[in-house]
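> Below are the features listed in TrEMBL for this protein:
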{"type": "TRANSMEM", "residues": "12-36", "note": "transmembrane segment"}
{"type": "TRANSMEM", "residues": "56-78", "note": "transmembrane segment"}
{"type": "TRANSMEM", "residues": "85-108", "note": "transmembrane segment"}
{"type": "DISULFID", "residues": "CYS150-CYS174", "note": "disulfide bond"}
{"type": "TRANSMEM", "residues": "227-252", "note": "transmembrane segment"}
Amino acid sequence: MGAGCVKVTKYFLFLFNLLFFILGAVILGFGVWILADKSSFISVLQTSSSSLQVGAYVFIGVGAITMLMGFLGCIGAVNEVRCLLGLYFVFLLLILIAQVTVGVLFYFNADKLKQEMGNTVMDIIQNYSVNASSSREEAWDYVQAQVKCCGWVSPSNWTRNPVLKNSTKTTYPCSCEKTKEEDNQLIVKKGFCESDNSTASENSPEDWPVHPEGCMEKAQAWLQENFGILLGVCAGVAVIELLGLFLSICLCRYIHSEDYSKVPKY
């Protein structure tokens, strides 16, 4: 390998590692956001599912390792330290294997995850109180209002709630109510509302002025619309990681002797 090629390889590898360092910070931040978020569907799930909390800690761990890997790779590439390049290669290979493993597990457990999400939402709906004071109930109100959906499969899921089931008036969840474009979308209604022009003798979901779609349908539609983008991002990350592995091996093979005096001392 010529000196010019080595120089180009070295600085390309430095650029890749800088990107990996930033990516690690983003992954770590995402894990922290999952634990700290209190106003979205993530909050609904993590209060009832320990697996999501474990996943958040995994994100934090992977993010920290990715940042460390990027740091080691930057120093190893610029200063041509074979040991650091070797550690970089091992870390990157482990992360690539972990990503493939997580993808396979998610694919084969998608139905189980979907069922767990449905059970969590139905539990919230059945135990939803008039004041909607718990964090789970507030988070679910936020989801329904922002996504413009009602219930999990359909608005009729709310008929399992004792308050709505025993009501003789047209009563419905306020967060499901259809809103106009000029209404403030940041204000989320809570609790139950009564229709002003109710003439029905029983509380039927067909009479509710709410969004007709369930939140499961909206979530599936979003995934189908953005599946190509998600797949492209994953494929792009995998290609960059493979290229990083290749460049680190090339540079590592070129370096026959190491001068540790080049490594910055702190």
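Our numbering is plain: 1 for the first residue shown, then up by one each step along the chain.
Using the three backbone atoms N, Cα and C, a Cβ is placed for every residue, glycine included.
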> Which has the fewest other CB atoms in a 10 Å radius around its CB: CYS150, CYS174, the listed disulfide-bonded residues?
CYS174
> Give residue numbers and ranges for long-range contacts of the transmembrane segment (12-36): same chain, 6 or more residues beyond its ends, CB-CB under 8 A.
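Here the qualifying positions are 42, 46, 52-53, 55-74, 77-78, 88, 92, 237, 240, 243-244, 247-248, 251.
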